[in-house]
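*Asks:* Got a structure here, written out as structure tokens. Questions coming.
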Amino acid sequence: MKKKPLSAKIVFMKITEKILIVDFGGQYNQLIARRVRDLNVYSDIVPASKALDYIRENKPIGIIFTGGPNSVYEEKAPLPPKEIFNLNIPILGICYGMQAMAHCLGGKVEKSLKREFGKTLTKFDTGIPLFKNIKDKSSVWMSHVDCVSRLPEGFVSAAQTANTKNAAMANKEKKLYGIQFHAEVEHSEEGQNIIKNFLYNVCGAKGDWNMKSFLAEAIKDVQNTVKDGKVLLALSGGVDSSVLAALLNRAVGKNLTCIFVDHGLMRKNEGDEVEAAFRDTPMNFIRVNAESRFLGKLKGVSDPEKKRKIIGEEFIRVFEEEAEKIGTVDFLAQGTIYADVVESGTKGSAVIKSHHNVGGLPDHISFKSLIEPLKTLFKDEIRNLGTELGLPDYLVHRQPFPGPGLAIRIMGEITEEKLDILREADAIWRSELEHADIKKDLSQYFAVLTSTKTVGVMGDFRTYDYTLALRAVKTSDFMSADWVRIPYEVLDKVSSRIINEVKGINRIVYDITSKPPATIEWE
């Protein structure tokens, strides 16, 4: 099949209520979108340069200006178009977004005499719609070096801290509001209530965004895009690909072929579990045993980015070969989600690591177009969508698993021996956590086989075996995460079982690093 340039199909949801989030480069932009959607209102993130185009096409009921790393008085600092303030659309500016609003409307922004970072006690004017029914004093999350020293005409100060006289500003008549703190961060006690007030009290939202409405529109959009074409999907059995498979099966039925590429890098028994879950469904299910092929390509490779690239490219090669066998294939479907796109780097941000679904793909593939119906959804939304689709709980709520599989949970070169060791150790870790009464406090947990060997003693013999790292985190959005305080008795039991039951490991360590500064995965 002749290679054709990649052409991405963008799915536009026909949702009646939308909030435009104007992106000024802040680190919490996706979190703002998540918070808005949690309140049943759809949101889109758009650069400031495209804000007016978006407004003309989508008619949002409200606008949120994000934070950002710049100072508004600097040359080339990003600013909203001034026309945006004359459209009679409610606007909420967050941190830099508040400063940008003040600057554009004639206020004054300058460096703060005292910078504010972290939790800060704040006093609120609860008489304004934005702060209705919240506590008049509560802690918020501050992160700023500049402040609004003079308010624009028509605005009043709506919140104060010990060091900031204008911690929030309000123009009730024009429905323009600014907050110097980050309401979207969990550390802001009344943050979600403030966002809710903006959506419902200020913008007049009714709340029509949910997975039921998304599913209905997504099916229509996929059908309109695909028509009578054939769709090929890589089915890993993870949450994302499983939900996507169910959605596409609902949309195009027999025109969907799901290829399960068993690259030999999966968790214990997972390959057979995936096949058992999907082989009897109406979709066309094909399992490809490609373990030796992948391990051959990965032989001698230790660099994690090279591993990801190799696995991504080999996945596509397998798809091309399978496509030749099954005939004409028009569309390649991918379970790309928001976090994949964010962590693979965008303009103006550093690349953290390439995701298998994004940076690991070659530039050209032998399909007409790429479709990514889940690209705008957060992980928890995808789980909710899976429930809406009727998928079994063990598929919807299974542990997140990266596309490259255990290849990025083994430090250094990948070998069959290391894979066998890690599978057994990881299975014990997951099993013990799932049987302990702490599962509700865990978002993701797994084992990592390090490349470090240490000296140990077992019986009368000296050992020189691998060190295993255990990881468990709690997160609501996977943009940030805290390590979980696992009870000592659980850690003790896990350590004892692994050392005694898994040959090749003689030392266990527990990862107590949050995200940031670390990522959840080790590679």
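Backbone N, Cα and C define each Cβ position, glycine as well.
Given the structure is predicted, the values throughout are model-derived calculations rather than measurements.
According to Swiss-Prot, the protein has these features:
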ACT_SITE  C95  active site, nucleophile
ACT_SITE  H182  active site
ACT_SITE  E184  active site
BINDING   S236, G237, G238, V239, D240, S241, S242  ATP binding site
DOMAIN    18-208  domain 'Glutamine amidotransferase type-1'
DOMAIN    209-398  domain 'GMPS ATP-PPase'
*Asks:* Round to the nearest Å and give the CA-to-CA distance linking V239 (ATP binding site) with E184 (active site).
*Replies:* 26
*Asks:* Tally every other Cβ atom lying within 10 Å of the Cβ atom of G237 (ATP binding site).
*Replies:* 22
*Asks:* Relative to the Cα of H182 (active site), which of the binding-site residues S236, G237, G238, D240, S241, S242 have a Cα no more than 10 Å away?
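*Replies:* None, since no candidate lies within 10 Å.
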*Asks:* How would DSSP class G237 (ATP binding site) in three states?
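*Replies:* Going by the DSSP assignment, G237 (ATP binding site) belongs to neither helix nor strand, so it counts as coil.
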*Asks:* Within 8 Å of the Cβ centre of S236, G237, G238, V239, D240, S241, S242, which other residues of the chain have their Cβ, at the recorded ATP site?
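*Replies:* Here the nearby residues are L235, V243, L244, A245, G335, L395, R398, F401.
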*Asks:* Measuring Cα to Cα, how many angstrom lie between E184 (active site) and G237 (ATP binding site)?
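*Replies:* Spelling it out, the Cα of E184 (active site) and the Cα of G237 (ATP binding site) are 32 Å apart.
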*Asks:* Whole-number Å only: compute the distance from the Cα of S241 (ATP binding site) to the Cα of C95 (active site, nucleophile).
*Replies:* 37
*Asks:* Starting from the Cβ of S236 (ATP binding site), draw a 10 Å sphere and report how many other Cβ atoms land inside it.
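*Replies:* Summing over all protein chains shown, S236 (ATP binding site) has 25 other Cβ atoms within 10 Å.
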*Asks:* Using Cβ atoms only, which residues of the same chain lie under 8 Å from G238 (ATP binding site) while being at least 6 residues apart in sequence?
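*Replies:* Set apart from G238 (ATP binding site) by at least 6 residues yet with Cβ under 8 Å, we have G335, R398, P400, F401.
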*Asks:* Looking at the binding-site residues listed here (S236, G237, D240, S242), whose Cα lies nearest to that of the residue listed as 'active site, nucleophile'?
*Replies:* D240
*Asks:* Tell me, how many other CB atoms lie within 10 A of the CB of S242 (ATP binding site), whichever protein chain they belong to?
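*Replies:* S242 (ATP binding site) is surrounded by 25 other Cβ atoms within 10 Å.
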*Asks:* Here are the recorded positions: E184, D240. Which has the lowest count of other Cβ atoms within 10 Å?
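*Replies:* The recorded positions E184, D240 were compared, and D240 has the fewest Cβ atoms within 10 Å.
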*Asks:* With H, G and I counted as helix, E and B as strand and the rest as coil, say where DSSP puts S242 (ATP binding site).
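*Replies:* DSSP assigns S242 (ATP binding site) to helix.
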